[in-house]
Amino acid sequence: MGKIYRQPSELSSDYDFIVVGAGNAGAVVAARLAENPAFKVLVIEAGLSDNEEGSDVLRMPFLAGRASGTKFDWNYKTTAQEGLGSRVVDLPRGFVVGGCSNTNNLVYIRGPKNDFDRLAEVSGDPGWSWSALDKYAKMNESHVQAWNGNDGEYDPTAHGHGPLKTTLVAEPSELDQRVREASNQLKNEFTWKHDLNSGDCLGLGWIHTTVGDGQRSSSSTAFLNPALEARDNIDLLLSTHVTRLAPTQVGGVDFRVVETAQTANGISAKITAKKEVIICAGAIGTPQILQLSGIGPKAVLDRAGVAQLVNLPDVGQHLQDQPILFYQWRANVPTLTSYLRDPANVSSAMAEYAKSKTGFAAGAAFVNTIAFLRLEEAEMTRLLEGARDPAAGPDSAHFLWAFVNTFLPNPGQSPPTEGDWITVSAVLQSPTSSGSVDIVNASAFDHPAINPAFLSTAFDIGTMITTFKTLHKFFSAPAWAGFLGEPSDEVAALTSDAAIEAYIRKYMNTIRHPVSTARISRADEDAGVVGPDLKVKKVQGLRVVDGSVLPFASAGFPQAQIYILAERAAALIKETWA
């Protein structure tokens, strides 16, 4: 079996491949490369083991998302966001083996065919199209039953046979049934889709989650840990930062030397990959490592005191993230609000889970239904003012709603002490705002300046205003009679565009989907950071495989897209060195 090291000095082997980051993509790439017994693979992870004390917060579906702010979180913060009243926003990222696949909210939705076909167009490689990637999606994921044996409503042909397990809701709620009924009653505008992973996900449907056998299925549980247990050609080095990449020769552009340290003032160690270094550090970590290595825009590197070795102006630029906020209504029937208010219910659910991995805590019970929607054509034209539609195509969403079976407060709001409630979360899926990730000094142990530039365009704020107003149309369906009560006082006061905008700017947060800071482009383009084969431009021995290469925000959920990206990337690397 592979070895797990906690000190760089313990490493004793030469490695063909060094994978930087054991997250959503890195764990998949490393495990797939290790399938070739001729390859020796090292994975370097800055964060903790996913079996560290307190790791139940990673595995129990009921606790999904609760790792934010803990030791399993990088605890990043954005710069002050002008579009949010100069608020600083927390940007959680997984500081643990498995990365964000172990700390996110479990949603697995690949997104529309348009997203992947645009990736193929932007990169100039038809291998990134939806149809070409179908085999990689299916080798990555498989649908399984929920803890209670419920299969749910899904299309078997859209799912595969891979180690990542996904499932549907175990016990649909009354809220879910009303969403389904309202969709049927207003089907010309709010179409119900049989399976949101089929490539056709414009409309409403069930959320697929990365849960199997009553616990989270992640890139570590499905890929890396099994590879470490079964193979002796893959090793994992924990709690070790990559401080920079260096050329193998002074003045050269072959960046296969990886410099590491475990503390800011600790001993530095160097490891050289015989074949490739593959950076899988995510949309924040990847541009930071590249910039620390002297690869990036000169102005940023000069300010940080790092000598520029390779001029790649797009490194760290074009950051896109998707903002989210919550609207709340009273419900005239019991929801999870009253259930969760009683500590005895929670204790009982936790006890059942500890005993058998069944019951309420074994499923993602809060959000089961979701809607991917577009602006009406006239409204889109008005808001864009002649600019290009940011969505990938006519079947890609501009915004989404997710229906939450309890009161979910925005940051700064207090939950009510009585009554039953539901929440609708609203997300801007296709923003036009973009920002940057820039190092502030030459230390890998200091966080970079992260500026998503939330709501910095008229299109973005206008779309979010329309998103809320469209909800009233959906809630006018007869299905909501007898169920939906009055909105919260703050939501009831949203009677004008100005009031809605003020609410949005006051409470808007991040859904934690940063992308595009090392974006893909055609091989012959000066713009971009990686080519269609994900090799970093203007250098040798270096690839990037993670969400940073996605050129635009996802109209689905990036977790699923990154899994598929990693599967094809591993295949490309294998072919290169076959």
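Heads up, the Cβ atoms here are built off N, Cα and C, so glycines get one too.
Here is what TrEMBL says about this protein:
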- Val96, Asn104, Asn105, Leu106, Val107, Val242, Gly547, Pro558, Gln559: FAD binding site (BINDING)
- 282-296: domain 'Glucose-methanol-choline oxidoreductase N-terminal' (DOMAIN)
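Of all the binding-site residues listed here (Val96, Val107), the one with the fewest other CB atoms within 10 A of its own CB is Val107. The DSSP breakdown of the domain 'Glucose-methanol-choline oxidoreductase N-terminal' (282-296) into helical (H, G, I), extended (E, B) and coil residues amounts to 11 helix, 2 strand, 2 coil.
For the domain 'Glucose-methanol-choline oxidoreductase N-terminal' (282-296), the model's average pLDDT works out to 98. Set side by side, the binding-site residues Asn105, Gln559 differ in how many other CB atoms lie within 10 angstroms of their CB, and the most is found at Gln559. All protein chains included, Gly547 (FAD binding site) registers 27 other Cβ atoms within 10 Å of its own Cβ. Across the annotated binding residues for FAD (Val96, Asn104, Asn105, Leu106, Val107, Val242, Gly547, Pro558, Gln559), the two most widely spaced Cα atoms sit 29 Å apart.
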